[in-house]
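Please read the structure below before turning to the comments.
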Amino acid sequence: MDETSPRSIDIESLIPNLMIIIFGLVGLTGNAIVLWLLGFCLHRNAFLVYILNLALADFLFLLCHFINSAMFLLKVPIPNGIFVYCFYTIKMVLYITGLSMLSAISTERCLSVLCPIWYHCRRPEHTSTVMCAVIWIFSVLICILKEYFCDFFGTKLGNYYVCQASNFFMGAYLMFLFVVLCLSTLALLARLFCGAEKMKFTRLFVTIMLTILVFLLCGLPWGFFWFLLIWIKGGFSVLDYRLYLASIVLTVVNSCANPIIYFFVGSFRHRLKHQTLKMVLQSALQDTPETHENMVEMSRIKAEQ
């Protein structure tokens, strides 16, 4: 039974890795287009800065999984243990960064709806840029410290309690991001359906809600397994390993879904043959309610272009 288990696991790993390659190619292409348009073709506001950084995190996250699956399918030998630790740490950083960006986007949107006067008049101008820089730096630091104390040098230095403290801090931070994401999303939904003055739908609001929904369905399971791995040192059973592979495929789907969401929301009720990708993305991130007059005006502007 011990001789046949690794072979069966390899066969079971083949299909997920093929799916990661396929979804990875789609996601890399889509996120590269979003990065190009947001980086060089569109004027960036507060939300677009977060979405640009989210697309960058998704692109690099997909690239890591694509390389990992390609090495598995091509049977490329892993150089050494340090490479594994570094590669795993990079994926951790990118996952936490993506979750942090989503929480920041939802919180930013919540503030713009619940405190519109403060948001538009007193909010510091470069808050989004500063927050994105802080998120990247903080994600890198906590992941490097966790790997340093627990996996790479932990047994040599005997830092068991320091490792446990870093694990606790990592888990607490993940829980904090998840709670912030859920509370800000619930506040937006409550304001939309239960407020005295009901908030009107905008394409940006729909884009944010769909992005969060896809993350909760596809991105969260991998984070859940990862959270358990921090505290459970024993090996997975075959069933757990299958679920873990499924969670990896789902998180790849999550990272490649955002450009598809932008395309879907931006092209809804518009004629695709008269739209460029720039127009579609700009429409998906539009933060004004669409009245009939607005749609006529947009159609006139696009016709002139």
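Quick reminder: no glycine exception, Cβ is built from N, Cα and C everywhere.
The topological domain 'Extracellular' annotation in Swiss-Prot covers 1-17 (among others) and rests on sequence analysis.
Long-range contacts of the transmembrane segment (18-38) within the same chain, counting only residues at least 6 positions beyond its ends with a Cβ under 8 Å from a Cβ of the stretch, are 44, 48, 51-52, 55-56, 58-59, 62-63, 65-66, 68-70, 73, 248-249, 252-253, 255-260, 262-263, 277-278, 281. Per Swiss-Prot, transmembrane segment is recorded for 18-38 (among others).
Mean model confidence for the topological domain 'Cytoplasmic' (39-46) is a pLDDT of 81. The topological domain 'Cytoplasmic' feature in Swiss-Prot is assigned to 39-46 (among others); the stated evidence is sequence analysis.
Beyond its flanks by at least six residues, the transmembrane segment (47-67) meets 20-21, 23-25, 27-28, 31-32, 34-35, 38-39, 87, 90-91, 94-95, 97-98, 101-102, 104-105, 108-109, 128-129, 131-132, 135-136, 204, 248, 251-252, 255-256, 258-259, 285, 287 of its own chain at Cβ-Cβ distances under 8 Å. If you look up Swiss-Prot, you'll see 47-67 (among others) marked as transmembrane segment.
Long-range neighbours of the topological domain 'Extracellular' (68-81) within the same chain, counting only residues 6 or more positions beyond its ends whose Cβ lies under 8 Å from a Cβ of the stretch, are 13-14, 17-18, 20-21, 24, 87. Residues or ranges marked as topological domain 'Extracellular' by Swiss-Prot on the basis of sequence analysis: 68-81 (among others).
Away from its own ends, the transmembrane segment (82-102) comes close to residues 50, 53-54, 57-58, 60-61, 64-65, 68, 132, 135-136, 138-140, 142-144, 146-147, 151-152, 173-174, 177-178, 181, 211-212, 215, 219, 222-223, 226, 251, 255 of its chain (Cβ-Cβ under 8 Å, at least six residues beyond either end). Swiss-Prot lists 82-102 (among others) with the feature transmembrane segment, giving sequence analysis as the kind of evidence.
Same-chain residues lying 6+ beyond the ends of the topological domain 'Cytoplasmic' (103-129) with a Cβ under 8 Å from its Cβ atoms: 46-47, 49-51, 54, 135, 177, 180-181, 184-185, 187-188, 191, 199, 204-205, 208, 211-212. The topological domain 'Cytoplasmic' annotation in Swiss-Prot covers 103-129 (among others) and rests on sequence analysis.
The transmembrane segment annotation in Swiss-Prot covers 130-150 (among others) and rests on sequence analysis. Note on the transmembrane segment (130-150): residues 49-50, 53, 85, 88-89, 92-93, 96-97, 100-101, 104, 124, 157, 159, 162-163, 166-167, 169-170, 173 of its chain, located 6 or more positions outside it, place their CB under 8 angstroms from a CB of the stretch.
What Swiss-Prot records for 151-167 (among others) is topological domain 'Extracellular', and it gives sequence analysis as the kind of evidence.
Per Swiss-Prot, the feature transmembrane segment maps to 168-188 (among others); the stated evidence is sequence analysis.
What Swiss-Prot records for 189-211 (among others) is topological domain 'Cytoplasmic', and it gives sequence analysis as the kind of evidence.
According to Swiss-Prot, the transmembrane segment annotation covers 212-232 (among others), on the basis of sequence analysis. Note on the transmembrane segment (212-232): residues 92, 95, 98-99, 102, 106, 167, 170-171, 174, 178, 181, 185, 243-244, 246-248, 250-251, 253-255, 257-258, 261 of its chain, located 6 or more positions outside it, place their CB under 8 angstroms from a CB of the stretch.
Marked as topological domain 'Extracellular' by Swiss-Prot: 233-244 (among others).
For 245-265 (among others), the entry in Swiss-Prot reads transmembrane segment, with the evidence type sequence analysis.
Swiss-Prot lists 266-305 (among others) with the feature topological domain 'Cytoplasmic'.
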The topological domain 'Cytoplasmic' (39-46), counted residue by residue under DSSP: helix, strand, coil: 4 helix, 0 strand, 4 coil
